[in-house]
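**Q** Got a structure here, written out as structure tokens. Questions coming.
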Amino acid sequence: MTKLSNEYIEEVVKACRPFASRGSVVDHIPGLDQSHLTDLGVTIVTLDGDVFSAGEDHNDFSFQSISKVILLLMALEDFGKDIVFQKVGMEPTDDFFNSISNLEDYEGQKPYNPLINSGAIATASMIKGSSTEERFKRCLDFIRKITENKKISMNEAVYESEVKNGARNKALAYFMESTGVLSSQESDDALDLYHRINSIDINSLALAKMGCFLSNHGRLIGSKKQLISPEHVRTVKAIMLSSGMYNESGSFGVEVGFPLKSGVSGSIVGSVPGQMGIGIIGPAINKKGNSEAGGEALRILSRDLKLNIFHDSNVKNLDIK
Ligand SMILES: NC(=O)CC[C@H](N)C(=O)O
């Protein structure tokens, strides 16, 4: 069986870099352009605290849709499962991540799930705090805590561009206001919090630590302190498995087989329960919004290291009665 080492991760990066040419880099995020097309950084943090990393793993990139996982964790902790899932569903969708039409057809016209744009704007309205500043600060403090990185902060230029290019998200928020998913007091604040949290700068090590936190059932490595209840972490990971890679979640479920979440910056966080967290940056994304080289790296890692949670060796109590 393949053993984890920096050299092994380097080989994976080398093998996957060429896959970037199948995708393209989004052109509206400050700091990202086609010159980053073949960038690929992969970091793994194990639950024993070992770090393995290679490629462009020091680059900062924006959090984008991975922030949807943070919003969901915090909304669940703030309001509990019953209230959160009154506003947002937990079903996968075959539509694109920023689809507005699917808001018209799903039960009660609520978003299909919290990991698409409409769903994340809805969960952003369920973060406790007396102002957007306070709500954002709570989110940022939480991200700093679970990534053990106090320097993480919002990138102002990215935030300005999110707001400037945010017409679709605005439309989603106001559509949800029209159907009563959001109140007229909630929509602008939820949208602003969503744009801010999307604009946080992060790197592959911080993402791997976030994945590790999920793999460790809501605790930092080596700590017994429960920062999020295990039940909520379970809920979030189940939704990451079914919806974290948007309308490509099914094939990632089959070929990779553990909870993932991607962002349009080409970032991906992976959580292998009980084993490790994985952070990836590979800015060339496909039409569904997922990193091409990053996706290939996940398929190889899962195969070589037998990480699929449905793999026989990862399933306990195999005795057939
Ligand atoms: N898929 C994504 O990462 C989407 C995030 C992007 N900022 C948006 O709101 O559309």
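From the backbone N, Cα and C atoms, a Cβ is placed for every residue, glycine too.
Okay, these came from TrEMBL:
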type    : residues                                              : note
BINDING : Ser65, Asn117, Glu162, Asn169, Tyr194, Tyr246, Val264 : substrate binding site
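Tell me about the setting of these features in this model.
**A** Shown in sequence order, Phe96, Phe97, Leu115, Ile116, Ser262, Lys288, Gly289, Asn290 are the residues of the chain, 6+ apart in sequence, with a C-beta less than 8 angstroms from the C-beta of Tyr246 (substrate binding site). Tyr246 (substrate binding site) falls within a helix when secondary structure is assigned with DSSP.
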**Q** Consider each pair of residues in Ser65, Asn117, Glu162, Asn169, Tyr194, Tyr246, Val264, all listed by the record as binding substrate, and report the largest Cα separation in Å as a whole number.
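**A** Roughly 20 Å, rounded to the nearest whole number.
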**Q** Below 8 Å Cβ to Cβ and six or more residues apart, same chain only. Which residues does that give for Asn117 (substrate binding site)?
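**A** Asn117 (substrate binding site) has long-range Cβ partners Ser65, Phe97, Asn98, Arg168, Asn169, Leu172, Tyr194.
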**Q** Long-range neighbours only, meaning 6 or more apart in sequence with Cβ under 8 Å: which ones does Val264 (substrate binding site) have?
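**A** Sequence-distant Cβ neighbours: Val26, Ile29, Gln64, Ser65, Ile285, Gly289.
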**Q** Output, ordered by sequence, the same-chain residues six or more apart from Glu162 (substrate binding site) with a CB under 8 Å from its CB, or 'none'.
**A** His195, Asn198, Ser199
